[in-house]
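Undergrad: A single structure is presented below for examination.
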Amino acid sequence: MENGAARQLSDFLASANKRELLALIRFLEEEAQEDDLFELFRLAGETRKASYGDRVFFRGLIEFSSFCKNDCYYCGIRRSNRKAARYRLTKNEIIDCCRSGYDLGFRTFVLQSGEDMFFSDEVLCGIVSGIKELFPECAVTLSVGERSRESYRRLFAAGTDRYLLRHETADEAHYAKLHPPEQALKNRKRCLYDLKELGYQVGAGLMVGSPFQTYETLAEDIIFLRDLQPHMAGIGPFIPHKETRFAGFPSPPPKSTPILLSLVRCLLPKVLLPATTALATSDKNGREKGLLAGANVVMPNLTPYEHRKDFSLYDNKLATGSEAAEGLSVLKRQIKGLGLKPDFSRGDHADFQKG
Ligand code: SAM
């Protein structure tokens, strides 16, 4: 085993310019043979091991509202999809989800929703502090979109530990093809930098194979992630939704998401990197491939069963089986089968671990 190769790749990614990154991505996508990709994934696995050992962290995902004021062209719950079923959980229902998650062993809860203005700062802070009162040793992650710096400050003060906000694409022109004019990349980036400055563990990220994505925009994504240095990165394949303008657009080839995951693992060795539901949806062995490419987080769904199908971001989104909290034993077995270790601790980023 070539010991310094993982380090070499990390060093290259840390300093490469856009042209060099583009060439690397093009090579991996178009020319690399199975052996080359196997080696890339091995290096990513080695890098993960150096940061977190063999641990794969479990997070309980609660999708608490499908209302959204935004109109992201790719997303099934965007506001102009009249056919989307809308639901909103109450504070008590959210806390009940946490309680069942806690009993199953989860020590991180990820609260995700559309941009639902019902959840004012006051309401959200009440929910976060309610969870923290009942489960003080648990981490709370929010993923509720773009808000003001003041709002992020208040949510942090209420006890929120982490925040996920994918940047979606770091390229202005590409961003404008995926979103209406009132949604601006500049504001997304502002949010991410605010969150970081305020002390959150921050997650950025993107869909692999989103419409109009190119090797060039991917190279820009790598450079953006390198500048931001997020603690988490949400990277999953684009999957079309039938009620969007991108209904006829394809998902990327199965190898593309693992390639990007492994590059991001080597770029940010300590990043917390989920093997996403979208990856498991798009390829029946997707989650395993993600974990073998350097991912180290899984997020089983704790949303009440009757609402799961309504958080429909893309077609055929998995919410049952090993994607669901009820299927934990299957998921644990799968992880152990890969030589990895299911871990139910809070799973903070290495720079945030106490002691
Ligand atoms: N509203 C919050 C936000 O904007 O961050 C959180 C919810 S949003 C629906 C979560 C993520 O779903 C988005 O960042 C996007 O990358 C992903 N998503 C939406 N539509 C998708 C699609 N068609 N395929 C794959 N992922 C999708």
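Cβ atoms are placed via backbone N, Cα and C, with glycine included.
The following feature annotations were taken from TrEMBL:
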type	residues	note
BINDING	Cys68, Cys72, Cys75	[4Fe-4S] cluster binding site
BINDING	Ser143	(3R)-3-methyl-D-ornithine binding site
BINDING	Glu168, Arg188	S-adenosyl-L-methionine binding site
DOMAIN	54-279	domain 'Radical SAM core'
Undergrad: Rounded to a whole angstrom, what is the C-alpha distance between Cys72 ([4Fe-4S] cluster binding site) and Glu168 (S-adenosyl-L-methionine binding site)?
TA: 10
Undergrad: Helix, strand or coil by DSSP: which one applies to Cys68 ([4Fe-4S] cluster binding site)?
TA: coil
Undergrad: Under DSSP, is Glu168 (S-adenosyl-L-methionine binding site) helix, strand or coil?
TA: strand
Undergrad: Could you round the CA separation between Cys75 ([4Fe-4S] cluster binding site) and Glu168 (S-adenosyl-L-methionine binding site) to a whole angstrom and send it over?
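TA: Given the Cα positions, Cys75 ([4Fe-4S] cluster binding site) is 12 Å from Glu168 (S-adenosyl-L-methionine binding site).
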Undergrad: Which residues, same chain and not among Cys68, Cys72, Cys75, have a CB within 8 angstroms of the centroid of the CB atoms at the recorded [4Fe-4S] cluster site?
TA: Asn70, Asp71, Tyr74, Gly76, Ile77, Arg78, Arg79, Gly114, Glu115, Leu313
Undergrad: Please list residues from the chain of Cys68 ([4Fe-4S] cluster binding site) whose Cβ is under 8 angstroms from its Cβ, counting only those at least six apart in sequence.
TA: Cys75, Ile77, Arg78, Arg79, Ser113, Gly114, Glu115, Asp116
Undergrad: Just to confirm: which same-chain residues, 6+ apart in sequence, have a Cβ under 8 Å from the Cβ of Arg188 (S-adenosyl-L-methionine binding site)?
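TA: Glu146, Leu165, His167, Glu168, Tyr175 - these are the non-local Cβ neighbours of Arg188 (S-adenosyl-L-methionine binding site), listed in sequence order.
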Undergrad: I'm checking region-level scores; what's the whole-number mean pLDDT for the domain 'Radical SAM core' (54-279)?
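TA: Result for the domain 'Radical SAM core' (54-279): average pLDDT 98.
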Undergrad: Given the binding-site residues Cys72, Cys75, which one's Cβ is surrounded by the fewest other Cβ atoms within 10 Å?
TA: Cys72
Undergrad: If you draw a 10 Å sphere on the Cβ of Ser143 ((3R)-3-methyl-D-ornithine binding site), how many other Cβ atoms land inside?
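TA: Summing over all protein chains shown, Ser143 ((3R)-3-methyl-D-ornithine binding site) has 17 other Cβ atoms within 10 Å.
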Undergrad: According to DSSP, which kind of secondary structure is Arg188 (S-adenosyl-L-methionine binding site) found in, if we only use helix, strand and coil?
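TA: It is helical.
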